[in-house]
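S.K.: I am attaching a structure below and will ask some questions about it afterwards.
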Amino acid sequence: MQLSVLIASVLAAGAAVDAASYTPQNVSCPDNANFIRNAADGLSPAEKEWLKKRDPITRDALQTFLRRAFANVSTEITSALFNDTENVPKLGIAVAGGGYRAMFVGAGAFAAMDNRTDGANEHGLGGLLQAATYMAGLSGGNWLTGTLAYNNFTSVQQILEEGDKADAIWNITNSFLNPYDKDFSKTLARWTAIGSQVQGKRDAGFNVTITDLWSRALAYGWFPTLPNAGAGLTWSSLRDNEIFMNGEMPMPISVADGRYPGTTVINLNATVFEMTPFEIGSWDPSLNAFSDIKYLGTQVTDGKPETERCINGFDDASFIMGTSSSLFNEFTMSNDSAVAYTYLNTLSSTLVKGIDKENNDIAMYAPNPFKGSKYVDSNYTTSIVDSDSLFLVDGGEDLQGIPFVPLLKQERDLDIIFAIDVDTETSDNYPAGGPMMKTYERQFSKQGKGMAFPYVPDMTTFVNLGLGGKPSFYGCDANNLTDLEYIPPLIVYIPNSYHSFESNVSTFKLNYNYSERVGMIRNAFEATTRNNLTEDADYVTCVGCAIIRRKQQSLNLTLPDICDKCFTNYCWNGTIDNTPTKLLTPNNQDPAAISSAIAAVTDDSPIGALLNTGSGTKSNSSSKTNSTLVTSSRATSTGTLISNSSSNSTVSSTAARSSTSSTAKKNAGSVLKLEFSKSASVMVAIAAAAVASLI
């Protein structure tokens, strides 16, 4: 009886939530509106105008960085480059996917490149973020870039300084599934609010799916200080943000994969979509078009509105960020994950009336902004532009786990890409270069038209040569790349690796306490900087050599002598080693692990106990909610990213793997099971409560 009263009161309060905040709105169409353009025309006029403001700022920031990099080197090359604006190198940053692991590892790399971070200029690569023109992210990497961009380009340093405040960005001590731990009424109120927000969009006539709920739930960790966690904050609104308008931050690019109508499989032939504050679309021949992202949701034919009324607000920032990490379709492709999908489908249908059931596993963009487009390459099917809806999924489902594609376009004229890889390809959940290999392969496919990527090793060679233990460079000599469609950017590859904190955590870990967040970020700072430059005092200089390499070769300038040493130490020289290795074996993070975890729902959580939803095996009551895949004795509760004694935390990634691999595998199953058992109890309780309210 008491529980029924509590549920009724919370649901009544939830009804007052401003559902309109997430609901797209009708507006008047611009005069002579045509929202689609041919990708063959190059960059959009809006992006070109923005570059006029961004380029002078990146030029100054890069010059400052290179002066520091070559402070002890006698060279005139920087003067030669900066005397002509056309000769100034341009750089981009790409952050891989991998859930919260990717977000925090990417955050550590960004902190190392940000001159606002304490110690980044003295012990890291401070200033590179300020010198970057673009920052691309997919899935968890996009959670990072989106969080920073849409919080007024805040810094990782500033986020950490907020500590564990209730409204601190990235405070996920409790997972988004059970945000208030033992406070049932607040958790129920949160999910009621989310359901109300998504219901408003559905009631306005727009299709909604699991991705809408996913996006809104995650947003409370990205935009905690905004009303309703930023519901109504649009991706295109960055155009009107003074920091972005004035070119004072890199342009964020969100990456997602397109799914062909009537199919379920995503592979290298998938259409890669990019979303900037100006446009959504793809350079791939299967679409070859872009549309104004501000007017998503408008009924169009070949870009022209069918009525005088257009739509604004469909491009909710959280929805764009959630789209890039929408991987629920993978649950439908395996019998092992049927339990997980059934559970999620039931939950979403409970929270939102009229949710799309046929395509509930993807992000649905309907009406299709590219309906009737005439720009598809003649050698490709027109199924994407024939469909009434556009279907998008996690940007890493085609196995291109690093969002290289938008940064490789010749039109963007980049000389170098800093790639942060957070994949889990080895037996101990560390990267093995797979995303680079897939992007390399893609350039030779039909979808690779107009694309080039430098030669990279296979994954076995990558592991055998120890390339996962430190940063490495690819495409160092343009003279060896002349067989490609054009000379691609040089790649500085920065893999997630162990230094002071075991960062090989499961993608399905949904909560991190403050010390874990700091540990992940600090470890990535060290991985990005060769352990605060203690492993190689010349590393900043070597990064400088990599940055100027493309322009140096094209202009036939003389490199500083030290660059030869740098390229010997960091450039992959083409060596292949296919000796079989046990380290390169599948990890345990497959759909079956999710299903077994969800199937093991217990009544250990307070909400589960209240509703008597216990089932499966009871988890140990002494277990802590803030568990982690592998624990670190060196974890710290302070937000300082520079260790007091760097030498004490210097451990090679290879050595760390051999010592932690067995621990990781031993703990993976039990911890994943614990996390999902608690979360599933909460969500079953919420679903049950919502159902009860409708009876």
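Quick reminder: no glycine exception, Cβ is built from N, Cα and C everywhere.
Since the structure is predicted, the reported quantities are computational estimates derived from the model, not experimental observations.
The annotation domain 'PLA2c' is assigned in Swiss-Prot to 28-577. Annotation source Swiss-Prot lists N-linked glycosylation site at Asn26, Asn72, Asn115, Asn152, Asn171, Asn269, Asn379, Asn504, Asn573, Asn620, Asn626, Asn644 (among others). Here Swiss-Prot flags 612-662 as region 'Disordered'. Taken from Swiss-Prot, the feature signal peptide covers 1-19, and the record attributes it to sequence analysis.
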S.K.: For the domain 'PLA2c' (28-577), would you mind checking the mean pLDDT of the predicted model?
M.R.: 93
S.K.: Which of the three DSSP-derived classes (helix, strand, coil) applies to Asn26 (N-linked glycosylation site)?
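M.R.: Note: Asn26 (N-linked glycosylation site) is in a strand by DSSP.
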S.K.: Would you identify the secondary structure of Asn115 (N-linked glycosylation site) according to DSSP, in three states?
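M.R.: Looking at the DSSP assignment, Asn115 (N-linked glycosylation site) belongs to neither helix nor strand, so coil.
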S.K.: In the structure shown, which of the glycosylation sites Asn115, Asn171, Asn379, Asn504 has the fewest other Cβ atoms within 10 Å?
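M.R.: Fewest other Cβ atoms within 10 Å, among the glycosylation sites Asn115, Asn171, Asn379, Asn504, is found for Asn379.
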S.K.: What count of other C-beta atoms do you get within 10 angstroms of the C-beta of Asn72 (N-linked glycosylation site), across all chains shown?
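M.R.: Excluding its own Cβ, the number within 10 Å is 11.
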S.K.: I need the least crowded one of these glycosylation sites (Asn26, Asn152, Asn269, Asn573), counting other C-beta atoms within 10 angstroms of each C-beta.
M.R.: Asn573
S.K.: Take the C-alpha atoms of Asn171 (N-linked glycosylation site) and Asn152 (N-linked glycosylation site) and report the distance between them in angstrom, rounded.
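M.R.: Just about 18 Å between their Cα atoms.
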